[in-house]
Amino acid sequence: MASFIWVQLKKTSEVDLAKPLVKFIQQTYPSGGEEQAQYCRAAEELSKLRRSALGRPLDKHEGALETLLRYYDQICSIEPKFPFSENQICLTFTWKDAFDKGSLFGGSVKLALASLGYEKSCVLFNCAALASQIAAEQNLDNDEGLKTAAKQYQFASGAFLHIKDTVLSALSREPTVDISPDTVGTLSLIMLAQAQEVFFLKATRDKMKDAIIAKLANQAADYFGDAFKQCQYKDALPKYFYFQEVFPTLAAKQCIMQANAEYHQSILAKQQKKFGEEIARLQHAAELIKNVASRYDEYVNVKDFSDKINRALAAAKKDNDFIYHDRVPDLKDLDPIGKATLVKPTPVNVPISQKFTDLFEKMVPVSVQQSLAVFSQRKADLVNRSIAQMREATTLANGVLASLNLPAAIEDVSGDTVPQSILTKSTAVVEQGGIQTVDQLIKELPELLQRNREILEESLRLLDEEEATDNDLRAKFKDRWQRTPSNDLYKPLRAEGAKFRAVLDKAVQADGQVKERYQSHRDTIALLCKPEPELNAAIPSANPAKTMQGSEVVNVLKSLLSNLDEIKKEREGLENDLKSVNFDMTSKFLTALAQDGVINEEALSVTELDRIYGGLTTKVQESLKKQEGLLKNIQVSHQEFSKMKQSNSEASLREEVLKNLATAYDNFVELVANLKEGTKFYNELTEILVRFQNKCSDIVFARKTERDELLKDLQQSIAREPSAPSIPPPAYQSSPAGGHATAPTPAPRTMPPAKPQPPARPPPPVLPANRVPPAAAATAPAGVGTASAAPPQTPGSAPPPQAQGPPYPTYPGYPGYCQMPMPMGYNPYTYGQYNMPYPPVYHQSPGQAPYPGPQQPTYPFPQPPQQSYYPQQ
């Protein structure tokens, strides 16, 4: 029986999985937390698992296969949890073609891609290949070996079939030949056929009914036939099928399985007293086995089976001739043998390994992470919008009060002292550092801005340089430069960079507005920073208005202002409540993903935000409406208060100064808040830009690594290309052997007199007719013709050793010299004394018999003499 077919493993380059995964984990999860530390340890374990599965030779044992399967399950598990792509987590996986042996000038074909799908396909290929090797190593003389072999062949068939269905969608370009759909589809058929063969062997060993065995064998022959047909697509499949015994082995096994089917069906025919059918089937089986023995004897040994069939055939013929005299039907008249399949490709359902434990079990998928990020943004927008509304309302209220000089107007009834509200504001400004604080904050802004600009420009410069290099190489190698253009790959990063640049431009405008407002109120703010005596001296005095003290309108204004202060305090509490709300949407998103397969983030987020923030946003709106009513009442009461006040220029001037001081305080508070917020913004933006720079640096480094690998592969492929096209043979050598057309005789050429003639050399010895070399009887190789002018061959005479050449000198350096193409079997090392760079051509005088070549048993066809023969002058 023929040996079983197994598949070689693919080889890969080492990849550090831990570093990029740890970097992503550190950027995504809070630093210092147990969750981050746990995931970082898991990333290290994953990198070790890859080295264990792919970084060392594997034994042909199920334990080694278990390691491969665990790694495959793990990368399938992490695929939805990490954003593996060229512009996010960029991991370049390099794999060599399993069937390509390379060349003298370069290694085997390999492909490097930044695709986890590519890694999955290659790892699954190795799982299937190792399963085929394990099955081929089994002892098929016991049930355990048969069971293991059948199981592993069916798994290998299913794995190859899975690659066939998924490889094109997993890769962004054409795969190497070994994992192309045609190749893995054929391998799947081969593995399935061998699994069926194992069941046939099991049925034979258990001595099951011949009808069942015949059907199993016939189905196996069918599978082997399908695989044999697939292998005939030479351009689509690797050389593996033609140079490592697969192609002839498949052909032999198809015939052997068909012969087994006929043999066991003949036994069934004998049992049914159909002796003619028995003989016909045995004859067909004998023909099939004879064909195998004659064509594929090098690969299979069918002597025992052949003897078994021949004995059965001889006995059947003898019995039929002497006893039954049953007519032997033609093969085409026989009923077809049925088929019974007991095998099918094992589907690939993750996890495949029975011992798989997910290292990142608690990590949520990327889709959930993305939904959480969008939800966090929605939450931040809602909170910021509510807080902004309250702050704007407070600013509006302060502005209205400042324009009305309240509460200073109702406190300043004496007209010659600083109102208490102004003193309070002055004290607050001094405690916060006064104008020195504002000056220092404004001074720091340009430095922070410049730092962020430099980080952003450096990040974009890295992309520009790599893209320019990629464009240069693409222009140089044209279609050979097969990788994603940097211009397309960097579009998301450039869009992100443009967004950061726009943010910085807006920040510059905001900084300008803050500085402009500060300059317009700087003097008044400086006045608030002065001690009380200086402040009192700077405020004009007015006539006393003691009669207004305790009036009804003043009491109404005080009550309204007190209510407004209460609203402001409530807003501070609401703002803290809005900021302090904290809840996790992970469980809801995971539940939705498990139930529906997708996450409707918008619907879930809006519903949950309304539930949690609905009460707080209602209070915010009530606060805004209450303030609106209070401001209207304050303005009405202030009009009455203004009518009651004594009207003079000094009072008006004093009121104007007090208004400016109140406005200056409000602007100071707002300026300090804006400047601190701007400083915080720039510092946070620096962290974001540093991450952006790291992202750009990582992808540029990965692209450079990919570029170096691609350049190396291109250099090797260029080195493997022929340096010059092959020279076609002369016309007189391309004529068919044995043809009757007379080769045209070229015109005689005159040799220049200045050239010395070569010295005469003796002719080679002539061998007697009874010493014809054995190689002389070999058939001349294709493409070497025989001139029609040669004398006809007689039995026992030596054939001409070479086609007759032109009757002019062919020695290098002489006119008319033309180097002849080497024969396909030429090997200069078979010559003992001369290593000639071209095959010599014999010349003879008209009528002279050709010279036979010396005997060289190791040469597959007649050899010319080792010295050129020159015509005697």
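Every residue gets a Cβ built from N, Cα and C, even glycine.
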Candidate ranges 32-41, 142-151, 802-811 [criterion: Swiss-Prot lists as region 'Interaction with CEP55']: 802-811
DSSP three-state assignment for SER486 (phosphoserine): helix
Lowest local Cβ density among THR484, SER486, which the record lists as modified residues, within 10 Å: THR484
Overall pLDDT of the region 'Self-association' (508-873), taken as the mean: 66
